[in-house]
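Enquirer: This structure is in structure tokens; I'll ask about it shortly.
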Amino acid sequence: MPKRTDIQSVLVIGSGPIVIGQAAEFDYAGAQACLALREEGIQVILVNNNPATVMTDEACADVVYFEPLTVASVKNIIERERPDGLLATLGGQTGLNLAMKLEEAGILEAYNVELLGTPMESIKKGEDREAFRQLMHELHEPVPESEIVHSVAEAVDFANTVGYPIIVRPAYTLGGAGGGIAESEEALIRIVKGGLELSPIQQCLIEKSIAGFKEIEYEVMRDSNDTCITVCNMENIDPVGVHTGDSIVVAPSQTLTDQEYQMLRSASLKIIRTLGIVGGCNIQFALDPDSKQYYLIEVNPRVSRSSALASKATGYPIARMAAKLSLGYGLHELKNPVTEDTYASFEPSLDYVVVKFPRWPFDKLVHVNRELGTQMKATGEVMAIERNLEAGLQKAVRSLEIKTHGLSLPSLSQWEDSELWVIVKKADDRRFFAILELLRRGVTIEAIHEQTKIDRFFLTSFAKLMTLEKEIAGQSLDDITSDELSTYKKYGFSDEWLASSWGVGLADVRHTRKALGVVPSYKMVDTCAAEFEAKTPYYYSSWTGENDLLLPEKAKERVLIIGSGPIRIGQGIEFDYCSVHGAKSLRARNFEAIIINNNPETVSTDYETADRLYFEPLAVEDVLNVIEVENVDHVIVQLGGQTAIGLTKGLEEAGVSILGTTQDVIDQLEDRERFYEFMRSVEVPHIPGKTAETKEELLKAAQSIGYPILLRPSYVIGGQGMFIASNQEELAAFCEDKNHSVTFPILVDAYYPGVEFEVDVLTDGSDIFIPGMFEHVEKAGVHSGDSMAVTPPPTLEAKWKQQAINYTRQIAKGMAYKGLFNIQFVLYDEELYVIEVNPRASRTVPIFSKATSLPLITYTIDVLFGKTIAELGLSAGYRKESPYYTVKAPVFSYQKLAGLDPLLEAEMKSTGELIAISKDLPSAFRKAFAWGEEQTPALFRKKGSVFCQVDRAYDTEWQPLLRQLKEKGYSVVTEEAMSFSEWLASEDAICLVSVPAPGQKTGKQNREEALKQRVTVVSDLATFEKMIECLEVKDGEPFLLPDVVMN
């Protein structure tokens, strides 16, 4: 069917800020979809309040609204723009749920907006557990014995009939939110109660557990002609019981017989046809490895996390094709852009193995429950491509950046067998490494299979790696042969691991390996197992077979951008935005842009972003291999976050020069003693501090500086390991806490709780350009990534802005650096101090780019290649402030991470961010707080009761807020009047204000309990003050940046 001509404009709903279960994959999908629609001459109107996304660029959409993802907000946009169609299946669960509410409210019908792609009826059949189960019964497709419940009592009755364990799956939630496996009635009551509260339709599916079965996924496409294909099938190494987002996944499936593969493929095609889905769909099965009986677990009637993985694993652009199908095209009419010869109806085939490995946040969030179940906890993931499973696993582990260059976590080697078995049976994020450790100690494959139900095929691969490890340990670099080294490399052992095993330097292994002729070949991802010639410049390394890499004759300078790896707390999608724009700017300036990265969720790993893409670990060995095979002229590290910065030393030692910076400059800013020395040399005040090499020195330093103090490790992201101590007892307790590994040397800073603000700076080595300043709402001591912030600064006096500009200029002139950097200041006691200088693009660069409509990354590329600030047409100094306010607000994933205290501290906890823009500040804050349909605080919806636990140290700030709260009609409850548990059980409970004394964590249990009951928790009075100021502000009109920027 040809493209429809009656659709001229389409509203696309984005997925909003990153939360666990909904990350960068929807930026990739959304950007692809928007570009696909624009290729067809469709006007694209986008609503998405995530500023760090590529899809919110002017190049992706004709009109961009950074507005709340609520029914009221989207209704206003529809009223203003009058789109012909709405595309909601590319915005994750957020987009689907919002589309459903718009339809139920009659808004789509009232404004004659057609839901494109998958019909609403099909969405409901896939998402509504009761409708889905009924349909599967009609199709005779087996589902686990189950019951739909709307109350806890119904759940208990079902469990009493079928027995425990029971799996709970709430309807219309994200990443398994609210779900879990209940081993007892007590656990069932707790999980179902939470699940019903999280489900927008107050519905849960509870089913007899089939934990231990194989979990298999199919990614399927269908067009309106009923043509269907399977794009990719994937197998979870972890059996059913661990959320697929927390499972190690391989593609294609490794343990299915052809009969099993075809059986599940046929079922997938039958299901997508019956549901009537147009576009992409993810279908998950459980397969009994003994009886071959299968059960359908669930269907995602939208582009999903697995879609992004399948797209990168195969090269088949699922989101792009889904967008075209929504306009009426058939699969047979769309060319596959990878081959440019075959059509989209041609099923991909793979001649390699793909391994996806989750990246969890437990290295930062040490007190969180690490146990894995049906509720997702990973913040991101990595993908590795190889010719065998063993090498794929090794590559994936090395891509995680978890301080290991092999297959062991050093801490586990000290554990007793009994301790290892606990995490193997219960499954937490260390399970894979615990299994390997047990295999090292001689535990049999059969014993591990019995306890985990992981297929013996996978365990045999694990055991093979352990056998090779032992063999390598008995070798030496001097005696190694070419064949032996080739074998070790073929199975994925890194140069760094070999160097460590043989007690030699990394450069020694590299030199010997190259002398023996053991070098990687590069293979192409082509969707067709080399059956057709591919045009895509998308490569992975292997140590077997011939080289597919055919480089064009070198007519341009080649520039390598090192990406930022997996999404994690402290290093998110913002850095991918920077990498993507870096590549685009290089190509526009007649350079060949090359990207190396390993995150399957991102736009940077789309094969169309750069001239060539390498899907590799971000380690010195792998980056050097690419530099050598490409004969790279320049390397950029400042766009890839701390990951890329961390590679500078190893690259420099290998003779690679870095654009704009050196390791010496990085050390000058990251090493705190050198940093203080540098600050003194440029005559800029800094926070007083000392470096401690031992615990004794730490206690002495704290005593001499004076409490409160802030512990600050060097070379970390997201404030990892930071801690504020108000006295010696707190500091001693922190040092003794087994959950924290205090690594020395460590910096001891004085803690100044003043007004914090930050600047992003572009420098050509002489002049500076500051696009804006962000003033933080919360005082210094709350990590900048977890602070709300406003630009332009609403309370900062002109003299302090000028002082900051002067200090910035002095720092830029003194540090032999070109490009983007970030400075954080604190104003305390009428004195301005520098907290830190980050020699790279920061997480606020995309926000300033969006809020000012300035191409900051393009400017950065120009500066790196010799242009001055003046030659860019920019006025040196501080850009004129905008006549509107942009509020940046952090977004947390507390519901997914049991045990995480929502207290704002020095260590970052947020997983994403959003922006809200308005001409007046209260309206901007209102949009920031009430940013999503399900996320609007209860405080904004009704006038209930607020429970207050505020330490007396804050009486001066607290009493005026208390009066305002009462004047606005809210009731205030204290512990003297009512117990917390009694208040929480009341229908009026809407908000807990829990602010312990500085440095204290009292009230943690109450904060956690309030979160479980979906009650708003506020732990900082400055945040609460902003909430109160905008409580009675009406929802503002949709705000378009060009309206103001052009005037």
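Glycine residues also receive a Cβ, built from the backbone N, Cα and C atoms like all the rest.
What you see is a predicted model, and the numbers here were worked out from it, not measured in a lab.
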Enquirer: To which of Arg712, Arg879 does Swiss-Prot also attribute binding of ATP 2 at the site defined by Ala750, Glu756, Gly781, Val782, His783, Ser784, Gln824, Glu836?
Expert: Arg712
Enquirer: Give me the CA-CA distance between Lys208 (ATP 1 binding site) and Glu298 (Mn(2+) 1 binding site), in Å, as a whole number.
Expert: 15
Enquirer: In this structure, which of the binding-site residues Glu215, Glu756, Glu836 has the fewest other Cβ atoms within 10 Å of its Cβ?
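Expert: Each of the binding-site residues Glu215, Glu756, Glu836 was scored; lowest Cβ tally within 10 Å is Glu836.
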Enquirer: Tell me which of the binding-site residues Arg129, Arg712 sits in the most Cβ-dense spot, judged by other Cβ atoms within 10 Å.
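Expert: Counting Cβ neighbours within 10 Å, the top one is Arg129.
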Enquirer: Among the binding-site residues Arg129, Glu215, Gln284, Glu756, Glu836, Asn838, which ones place their C-alpha within 10 angstroms of the C-alpha of Glu298 (Mn(2+) 1 binding site)?
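Expert: Neighbours among binding-site residues, in sequence order: Arg129, Gln284.
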Enquirer: Considering only the binding-site residues Arg129, Glu215, Val242, Gln284, which fall within 10 Å of Glu836 (ATP 2 binding site) when distances are taken between Cα atoms?
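Expert: Neighbours among binding-site residues: none.
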Enquirer: What are the non-local neighbours of Asn838 (Mg(2+) 4 binding site), defined as same-chain residues 6+ apart in sequence with CB under 8 A from its CB?
Expert: Leu669, Phe821, Asn822, Ile823, Gln824
Enquirer: Work out how many Å separate Val242 (ATP 1 binding site) and Arg712 (ATP 2 binding site) at their Cα atoms, rounded off.
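Expert: If we compare the Cα positions of Val242 (ATP 1 binding site) and Arg712 (ATP 2 binding site), the gap is 35 Å.
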Enquirer: Hey, of the binding-site residues listed (Gln284, Asn300, Gln824), which one tops the CB count within 10 A?
Expert: Asn300
Enquirer: Quick one: average pLDDT across the region 'Oligomerization domain' (402-549), no decimals.
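Expert: Mean model confidence (pLDDT) across the region 'Oligomerization domain' (402-549) is 93.
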Enquirer: Quick one: Cα separation, Gln284 (ATP 1 binding site) versus Glu756 (ATP 2 binding site), in Å?
Expert: 47
